[in-house]
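Annotated features in Swiss-Prot:
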{"type": "BINDING", "residues": "13, 14, 15, 16, 17, 18, 19, 38, 47, 139", "note": "NADP(+) binding site"}
{"type": "ACT_SITE", "residues": "135", "note": "active site, proton acceptor"}
């Protein structure tokens, strides 16, 4: 039996929030792993420590920039798969990655910077709508150019939402009162960052995910806001005072509040008022579900996640 070699993977945005998990999992999964970084990143104290960790995993560092076509092309020619995890300010710059992939002609799969909600099914308000529209534009461009792809939809990052249960500015889950977005009934989906990386790396060489959207929908983690609050109340043996933030209240804050808060609340409106995270069926012609493809992966449930906070 011939064992196929694991693909060589380039991660662009590898020192970012979700990127670092993908770099670690890629390297530990046996993929020859490359990370495109700017030389200026080496002098950033926080990032330089992360880069030392990457080196300890055997990761190859390639100096370059998403806006420097020459460095991008040189990096892409060395690998089989390109994964982009760039942040919102660089979503549009992924056009450069697409151009370089087309010119290089050797890429078996491109995973653009998705790792959130399915923008083809979301009904977001501004300022989130513009960010989602950029992702949609990149998707259509990839498809038009005939580049092999996988779009990774992980919904909420568990570590982003669950530690404070969506309570702005808080560091731990509430123990007295909780603010709930909308009526708290629409379902949303939460996935631990390490699990996101595990499912993603299983998908990169899987023919079943080629030219498909990979949806992460761990059954135990499809919960409404009210269900998460109830779960937390059971853990601490206490009933919390509940304050419901109406759609009208959310829209007012989105219009009047400071910028980072406006984006986050606009996304919360999409997820918790519209239910855009889980209110549609996955179409087999365009999408697959991670826990069905990889049933042996033991994912962290929301229930387990909260044990460390009790």
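Placement of Cβ uses the backbone N, Cα and C atoms for every residue, glycine included.
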Which whole-number value in Å describes the distance between the Cα atoms of residue 135 (active site, proton acceptor) and residue 15 (NADP(+) binding site)?
20
Residue 135 (active site, proton acceptor), number of other Cβ atoms within 10 Å:
23
Where among the binding-site residues 15, 17 do you find the Cβ with the fewest other Cβ atoms within 10 Å?
17
Taking only the residues the record lists as binding NADP(+), namely 13, 14, 15, 16, 17, 18, 19, 38, 47, 139, what is the largest Cα to Cα distance between any two of them, in Å to the nearest whole number?
30
